[in-house]
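Residues annotated as signal peptide in TrEMBL: 1-28. The feature transmembrane segment is assigned by TrEMBL to 55-78, 99-115, 121-140, 152-170, 182-203.
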Amino acid sequence: MNIFRLAGDMTHLLSVLVLLLKIHTIKSCAGISLKTQELYALVFATRYLDIFSHYYSLYNTVMKLIFLGSSFSIVWYMRRHKVVRRSYDKDQDTFRHHFLVLPCIVLALLINERFSFREVMWTFSIYLEAVAILPQLVLLQRTRNVDNLTGQYVFLLGAYRGLYIINWIYRYFAEPTYSTHWITWISGLLQTLLYADFFYYYINSVKNNVKLQLPA
């Protein structure tokens, strides 16, 4: 654990809290992609298969439970809550997210660090997380006008991965025994690059104190 990983974890947690705040207080999921939320639920479900079989620390277990519980609760709200689901724009959220899942499964079967069920599922979750934000970014480009909470959610989600990359670089130079997981590094870099365009427009909107608008 170091300051960069802790900052990354807290930023990730804050992004989830911002989204839950939007859903619970405003009773709206406008501008949020259900497809992305379903992909994140799948990411955490396949990554944390060891939650009840391997104990690492209380911090690790609590964070796993939070991300698992929050991801599935968000999907439930968007699909089943009688008020929240009315604000879901399914006509705009049309990204075919299942086309992301299959290539990630195949890639995980072919390229992994150890061929075992849990390792392949963990690798699959890494690949899928790298591209899970795509439906959300496409939805924001289609709607163009982004409300403050949605913009903050996406920004924090991207910042979390950026901080994790700094954490990996720090550990590479500061910890002689640190083992480089190139699958994680490459996937994390790809994930961060997908946010680059959004970051540019978000930072400009904050700097100029104007509403965030994305190009079509």
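Here, residue 1 is simply the first one shown, and the rest follow in order.
Heads up, the Cβ atoms here are built off N, Cα and C, so glycines get one too.
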Under 8 Å between C-beta atoms and at least six residues away from its ends: which parts of the chain pack against the transmembrane segment (55-78)?
1, 9, 12-13, 16, 19-20, 23, 29, 32, 34, 37-38, 40-41, 43-45, 48, 84-85, 88
List, by number or range, the same-chain residues at least 6 past the transmembrane segment (99-115) whose CB is under 8 A from its CB atoms?
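Non-local partners: 39, 42, 121, 123-124, 127-128, 131-132, 134, 181, 183.
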